[in-house]
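Q: Submitted below is the structure of interest, expressed as structure tokens.
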Amino acid sequence: METKDRAEYIVQLVRNNLLYYQLWTNVCVNAEQLNWRGQIFQVITGRPSHKLSNDAAAEGDTKLECVLPVEMCDYKNSDLTLECLDQVFTKLCNKDCKRLTLAIVNNDGTVMFYFVYKGIHKPKRN
Amino acid sequence: MSSVDEDSKQQVLIETPVDSEAEDDDVIQDWSDAAKLSKKTTQTSLPKRGEKDYEPDGTDVQDLLLYRARKAMFDTLYNAARGTTLNNQVKAYYVPAFSEAVIPQPKGNFLQTIGKSDSNGKCWLQLHEFVYLAERGTIAPYYCKSFPIISGTENQDFEIPLSMQDLYSFFKSQHEMDRYFVYAHLKRLGFIVKLTEDHSTDYTTFFAPSGDSKVKRKLRLAFRSVLNFWNKQKCLALNTFFYGSWNFLIRKFTSTPQIYLGLSKLIPTCTPPKTIKDLHRERFLASKKDTVPHLELVFDLWKPQTNFKKKSPGLPDFQVVIHNKNDANQHFPTYSDFRELFHSLDYKFDFLSEIDDDISWNDHCYTNGVLRSEYLSSLKSKAVQMKSSIHNKMLRSKRGKPIKSCSPAALQTKRLKSGYRSFLVAVMDGGLISFVKISEADFGSENVWYVPSSSLKRNKGRNRKVSQR
Amino acid sequence: MAKLRPAGERYKYPLPIHPIENLPQLIPHNPISWVHWLYCYYKSFNGLPKRISIKILARKYCHIIVDDPDEMLFLWENGFFGTGQLSRSEPTWKARTIARMGDLCDEVDRGKSNLALEDITDRRRLQRIDFKKKRQQFEDQLLELRRRGGTIEDESKLVAKERESLRSLKDQQLLSFKKQNDTQLRSEDSELIDEKGELVNLESLELTFVEALFLSFAIPVLDVSPYVLIERFLGPIATLEYRNVYPSIKQYVAYHHYRSHGWCVRSGIKFGCDYLLYKRGPPFQHAQFCVKVLDVDETHDYTWYSSLARVAGGAKKTLVLCYVKNTTTEEEILRLLSKKNLTKALSSYEVSELIYRRWVPGKNRD
């Protein structure tokens, strides 16, 4: 019960953040859930208001991004293992999803976003 | 040569100030012009390169540029004259019994900063000095089968030449190796380096020779602990009231600093010594160590200088400890380790010059138990002394703004950012050495709260004007 | 709106507890003025007329929330406490959203309004992406030239042109750093308007545990007892274990230490440290210090320290290692806590600081 409460709270927080702070569109909380060692993970998809990186230079338009809300404490406890992320990729994301955006909810009111790529990826150019 | 690949990536954009976020020291030298340099041009340093290519673009042109750059580097390295002129070569003999090496007929510039001479005019080198000079080609290393060597004779029996591999095998532990690498690295960069534990020369210390009175020390310590106890009780009483539920009901605070002063008594802080007096007092009260510390100061470091006196070097500019990151028996120092090290520091406490522009170091350190200024004049080396004091003065004027002209806020920021006593940690990671400077800081003695008085007054003034109209 | 007030006036008080300033003038030869003064002195009071109420959400990992718009603003303006959940720090979401949707203010007004920090950051980010795009175009041209077998001279000509053009783009971007007309309503935004046709306030202010403890234990601002906070975060006071309490105490001791010497202390999460120290506050200056709080016997691999220092150095901040030492025993701390003597428990900790800085030999030779 407790975990579920918490999961819902941070998913809602990240959804609002994407929709009304980052001004993403088509933001949608996916129904599928992953229960990983007692924790429930859920993915949010949405379209950013502008390009997030030059990764997909050729594609031009912004595309649907996959966002995974996690709580800072879980992140710090290293609960977010490679195995766990792999499960998220296979069970919660599209097949052709190459990149996951972690939305780390801290207890100071901020949400930090970090990219996680499937496999090796060319570093960002400064 | 693991860095060849990186180094030799030729630039396409020669200079793009628009987008350069690299720190100064990360910019890599451009070898393509190094060859010209060595042929006596007016330039004294290697030109800096621009940005690196982001990725291979698959063209021949890029490959060609890359090839040229790499070739320029190898040519420069390859064409430089190597080895030593036989006439200049000095022979040094390793004496296993002492783990030191001896030069029977010492000559050369290196003698200004390296080695110590004995009464027979021979020069003795510590192992790391010996290996360093051999590696540079300054001396020819030999093994000494029997000691003493008959000085001046060219007896073939005594001369077994040593290879670099041989020399490295003389190091008895990882620690000795690390010590050597740090030593050689700093020497190559121009620093003058001595072992901290080496007191064979005329020894200079910041601390006055004391009449070591145990009773006095004990009394002072006892007095201190009583004082501390008393202060603590006083603070506790104040705090108990301040954080009690009556505080803001009974007491009236008419300014923000009053509230801050109440708040700032809760957490006691550790105040590092900040003045000459503090430093002496701390040394006086420090108890003798009864445990072996985890880390010890290894090297004393002097900035490159021409008037260095090997016989009585004076206070070093920096002191160095070595930490090997990959040694399972070591850990990065904890605060307790750091504290031990701070207590044992004895160098030119540079933060004192931040407080007082005109500190004259020779009047604040002691060589062989006498004030260094007296020691120097007794050496009749007045000329040298004069030169060095002129040199110091020039340094001071070069440093720019004298302390007194800085604003109190700027001085405070400086104190907070650079701290007080400091030392260097040389971190060994494989062959890589990185340096960290650790300084004591004291945020507990500085208050930065905003006092709105001046702006308020201005506002009031403005209001008055308005009403007059 | 509050935005338009000059910062000096808006952030006049560094703490939510204000000093008593409205005492009447004391005239030495007029005893009536003494009486009046004494009366005013007696009547005045530093505390808040009404303490700020908080909500503690979730059960395991708590989030401390203030959702009254006035109280949110008050906490921000008087010492920069808390973070707007939909803003970078100051809760500006509502103002930004009104500006974006163009409902309540007309075009002219909006042209004049100050840009929120978030807007500026956004603009910079977009300009940077523009810049990179342009650079990429040039590099593609260069590649094309190389593939066609152009000479080195041709290349250097193109490179010179690129530099010129990129530089002028930068200049242009600096000039055009003004608000673009980007009123836009999205279908998603209908959710933001309630049945009365007004904008719902979606944003609350979130306080960290140490902020909340400071505002309840050190100064009486929040409508909650420090012990209730501790119980909610760490468990029943009677059964606390030291290893569970210590991490939070350590953080609070450091927070209180810096706050009490006048620093504006904010979370350092974006720089991988515990705290950032601002003089006065974020609107006035960049933070100059990154603080990492450690136990006196704590040690990590060198990489841990060097990563911290590199991030701090890259942002031109000084890294401070703040060591917190328990000068009494663990049992004594637990005993004091169970007797609700937080004051004595906290003052049993001593703080010492070190500055950690990368040292480059080449820069320290003369």
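A Cβ is built for glycine as well, from the same backbone N, Cα and C atoms used for every other residue.
Feature list, courtesy of TrEMBL:
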{"type": "COILED", "residues": "C:128-172", "note": "coiled coil"}
{"type": "DOMAIN", "residues": "C:250-327", "note": "domain 'tRNA intron endonuclease catalytic'"}
{"type": "ACT_SITE", "residues": "C:TYR278", "note": "active site"}
{"type": "ACT_SITE", "residues": "C:HIS286", "note": "active site"}
{"type": "ACT_SITE", "residues": "C:LYS317", "note": "active site"}
Q: Tell me the Cβ neighbour count for C:LYS317 (active site), meaning other Cβ atoms within 10 Å of its Cβ, over all protein chains shown.
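A: Here the count is 22.
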Q: Give the helix, strand or coil assignment DSSP yields for C:HIS286 (active site).
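A: C:HIS286 (active site) sits in coil per DSSP, no helix or strand.
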Q: Across all chains shown, how many C-beta atoms besides its own are within 10 angstroms of the C-beta of C:TYR278 (active site)?
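A: Taking all protein chains shown, C:TYR278 (active site) has 20 Cβ neighbours within 10 Å.
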Q: Averaged over the domain 'tRNA intron endonuclease catalytic' (C:250-327), what pLDDT does the prediction give?
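A: Residues in the domain 'tRNA intron endonuclease catalytic' (C:250-327) carry a mean pLDDT of 95 in this prediction.
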Q: Between C:LYS317 (active site) and C:HIS286 (active site), what C-alpha distance do you get in Å?
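A: With the alpha carbons as reference points, the distance is 9 Å.
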Q: Which of the three DSSP-derived classes (helix, strand, coil) applies to C:TYR278 (active site)?
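A: Going by the DSSP assignment, C:TYR278 (active site) falls within a strand, counted as strand.
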Q: How many neighbouring Cβ atoms, not counting its own, are there within 10 Å of the Cβ of C:HIS286 (active site)?
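A: Taking all protein chains shown, C:HIS286 (active site) has 11 Cβ neighbours within 10 Å.
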Q: If one measures from the C-alpha of C:HIS286 (active site) to the C-alpha of C:TYR278 (active site), what distance in angstrom results, rounded to a whole number?
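A: It is 7 Å, counting Cα to Cα.
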Q: Give the helix, strand or coil assignment DSSP yields for C:LYS317 (active site).
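A: SS state of C:LYS317 (active site) = coil.
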